[in-house]
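Chemist: Sharing a structure below in C-alpha cells format, with a few things to ask.
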Amino acid sequence: METILAFVIGLLFAAGVYLLLRRSIVKLILGIMLLSHSINLLIFTAGGLHKGNPQFSDTVMEAGLSNSTDPLPQALILTAIVIGFGITAFFLALMYRFYQVTGTEDLDELKEGDTK
Amino acid sequence: MILPALPVLFPLITIIFLLINFQRREWQPWISLTGSLLQLMLAIFILIRVKHEGILVLHTGNWLAPFGITLVMDAFSSIMILLAGIIAVSISIYSFEAIDRQRQSFFYFPMVHGLLMGVNGAFVTGDIFNLYVWFEVMLMASFVLITLGGEKKQLRGAVKYVTLNLVSSLLFLAGIGLLYGKTGTLNMADLALKLSIADNNILINTSAVLFFVAFSIKSAVFPFFFWLPASYHTPPVAITALFAGLLTKVGVYAMIRFYTLFFVQDKLFWHPLFLWIGGFTMVVGVLTAASQYDMRKILSFHIISQIGYMIMGLGIFTVAGVAGAIFYMAHNIIAKTNTFLVAGLINRVTGSYDLKSIGGLYKVRPWLAILFIIPAFGLAGIPPLSGFFGKLILISAGFSAGEYVISFVALAVGLFTLFSMVKIWNEAFWKARPENSDPFKGENGKLPVSMVLPVAFLGLLTLTMGFAVRPILDFAMDASMQLLNPGPYIEAVLGNNYLSQ
C-alpha cells in the first residue's frame, strides 16, 4: 500500500510542478492545489499505514495499539486541508480580480513589473 | 502560567474589538493603537519575567509535552516579541494618516493585527506543526494586506508573492510530515532529545533540507529571493514597512531556532553552507540595490542583503556569532522599518519615490534629512549607531572563529550599503531639483504629526541601541547561550519526569 501511495504522491507532485510552470494563472492555482494534495498524502503515508481496527475502539484498546494507524497525521492533514482550502479560495478571488484589472491571465505579462 | 499565550491573545482581542466597532470608522485607528500599546507593555513585562525567571512554558489545555501544543518563551522569543510590539505601535500610529480611508474601511487594521498574531504565534510556539499554522495565519493576513486596494501593480506583485510563499509553506509541511514519520513527535524539545540519541540521525537531512528551502524562501535568502523585490514595493509604504520589519525575520527566526535546537548533527555540512549562502545573499542584495532608482526598490534589495548578516551569524555558530545575529536582527527590524517610513514621508512631500525626479529636499525640509540619516547610516554601520555594533560583533566573531573570507565580505558589503544610502541622500536631499520637474505636491503643507512621530521614535531607538550596547548585548548573549545549550530548554519543556524515563 505504501508503494502505491508513494507513486501517487510522486505523480501528483510532478503534475503540480508541471502546472506551476505553465503560463496561465488558472493552471498555476491548479498546480498549487495538486501540490498541496500530494503533501497531504505524504504526511498520511509518513505516519504509517495499517489495515486493521478503527481508532479508539474497545477492540483496539484490548489488543494493544500496535495494530492500528497513528491518528495524529490524520489530524494534521485535516488542519492542512482546511488551510489549503482557505488559501485556494483566496487565490481564486485574487485571480478573478487580477483578470478584471489587467484583462489577462498570462503570467508572462507580469514580467514588466520586475524591470520597472 | 498563562503568560506565553498572551502575545497571541492580545492581537486577537484587538481584532474582535475592531470588528465589533467596524461601523465607527474613526475609532478604528485608536482601537488599533490601544491594542498595540498594550501589546508593547506586555512584551516588556514578559522580557523582564524571562530575564528573572528563565524559560516560561505553557502546556495548552494541560496536555503535557510532547503530546499537547506547548508555548515556550525563552530569551530569544521574548526579544522578538518585544520588537514585534515596537513595530506594531509605530505602524499603528503611522497608519492614522498614511493609509487612505478606502483601505482603512477594507479591514486594514484587523489584518495588521492578524499579521501580528501570526508573527507572535510563530515566536512563542514550541511545536513544529503549530509553527506551520502560525505561518499560514501570518501569510493569509499578508496576502490581504499586499493586495489591499487592488491596484494593477499590487496585483502583479501579489501573484508572485502568493505563489512563492505557498510553495514554501508546502515544502515546510512536507518536511514536517517526513520528520514526524521518522521521529514520531512534533514537539521541538522532544525532537531535540530524540535526535540527539538516535543512531542514524544523518537521515533527518531530508527534512532539514526541506525546512532550509522553506525558510530560505520565507526570509528571501540568496537563490530564493526574487519574489521580494517584485512585490514589496507595490503596496502603500506603511504595509511595506511592516513586512520589511517583521515578515522576513520570522523566517530567520525559525531558521535559527531549528538549526540550533535540533538540526545540529551534521555541522560539517550545514555551517559552511550557511556561510556561503549568507555571503552570496549579502553581495547579491547590495549589488542589485546599487542599480535601482526607486527608493522603495533600493530599500527592498537591502532587506535581502541584511538577511545575509543574520545567516552569517548562524553559520559562525559560536555564542558571539549567534548573539551578533540576534543583535543585528533587533537593529535591522527597527532601522529597516524606519527607512521605509521615512521614504513614505519623502513621498508625502514630493509625491514620488523616484530619485531621478526629486531633489533639493534639504532646502525645504532639513529635519527630514536628519530623520533619514539616522536609520540609513544605522543600516550602513556608521559608528555610534546600532548597525555599527551589530556588524562589529558579527565580524569580530567571524575573525575569532577563523572565518576570514565571510568577515571580509561583510566588511565590503557594509561599504556598498553606505554607497546606496549616500546615493538616496545625495539624490533626494542634496542635488538641485531637476529643472523640468513638476512642483512637489505637498511641499507647503505640514507633515502630519502621526507620520513624523513613529519615525522619530524609531530613530531614537536606533540611537539608544547604539549608546546602550552593553545591556542589550548582554541579553543577546544570554539568548545565544540558551540557544546553543538547549539542555535547559528541553528540560523546561518536557519536565524532569519525562527525561528520567
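Cβ atoms here come from the backbone N, Cα and C positions, even for glycine.
Okay, so TrEMBL annotates it like this:
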TRANSMEM  B:6-23  transmembrane segment
TRANSMEM  B:30-48  transmembrane segment
TRANSMEM  B:68-94  transmembrane segment
DOMAIN    B:127-413  domain 'NADH:quinone oxidoreductase/Mrp antiporter transmembrane'
TRANSMEM  B:131-150  transmembrane segment
TRANSMEM  B:162-182  transmembrane segment
TRANSMEM  B:202-225  transmembrane segment
TRANSMEM  B:237-256  transmembrane segment
TRANSMEM  B:268-287  transmembrane segment
TRANSMEM  B:307-330  transmembrane segment
TRANSMEM  B:367-389  transmembrane segment
TRANSMEM  B:401-425  transmembrane segment
TRANSMEM  B:451-473  transmembrane segment
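Give me the local environment of each listed feature.
Modeler: Counting residues 6+ beyond its ends, the transmembrane segment (B:6-23) has Cβ neighbours under 8 Å at 31-32, 34-36, 38-39, 42-43, 46, 71, 81, 84, 109-110, 113-114, 116-117, 120-121, 123-124 in the same chain.
Same-chain neighbours of the transmembrane segment (B:268-287): 205, 208, 216, 221-223, 225, 259, 301-312, 314-317, 403, 405-406, 409-410, 413, 416-417, 420, counting only residues six or more beyond its ends whose CB sits under 8 Å from a CB of the stretch.
Here the transmembrane segment (B:307-330) has long-range neighbours at 76, 79-80, 83, 219-222, 248-249, 252-253, 255-256, 259-260, 267, 271-275, 277-283, 285, 386-387, 389-391, 393-394, 396-398, 400-401, 403, 406, 410, 413, 465, 472-473, 476-477, 479-481, 483-484, meaning same-chain residues at least 6 beyond its ends whose C-beta is under 8 angstroms from one of its own.
Sequence-remote contacts of a segment are chain residues at least 6 beyond its ends whose Cβ falls under 8 Å from one of its Cβ atoms, and for the transmembrane segment (B:401-425) they are 275, 278-279, 282-283, 286-287, 289-290, 295, 298, 302, 305, 308-309, 312, 315-318, 321, 355, 369, 372-373, 376-377, 379-382, 391, 394-395.
Using a Cβ-Cβ cut-off under 8 Å and counting only residues 6 or more beyond its ends in the same chain, the transmembrane segment (B:451-473) has close neighbours at 86, 89-91, 93-94, 96-98, 323, 327, 330-331, 334-335, 337-338, 341-342, 344-345, 348, 371, 374-375, 378, 383-389, 393.
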Chemist: Counting only CB pairs under 8 A, let me know which of B:131-150, B:162-182, B:237-256, B:367-389 has the most with the transmembrane segment (B:202-225).
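Modeler: Most Cβ pairs under 8 Å with the transmembrane segment (B:202-225) come from B:162-182.
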Chemist: Are there three or more C-beta pairs under 8 angstroms joining the transmembrane segment (B:131-150) and the transmembrane segment (B:68-94), sequence spacing 6 or more?
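Modeler: Judged by the Cβ rule, the two regions do not touch, with the required three close pairs absent.
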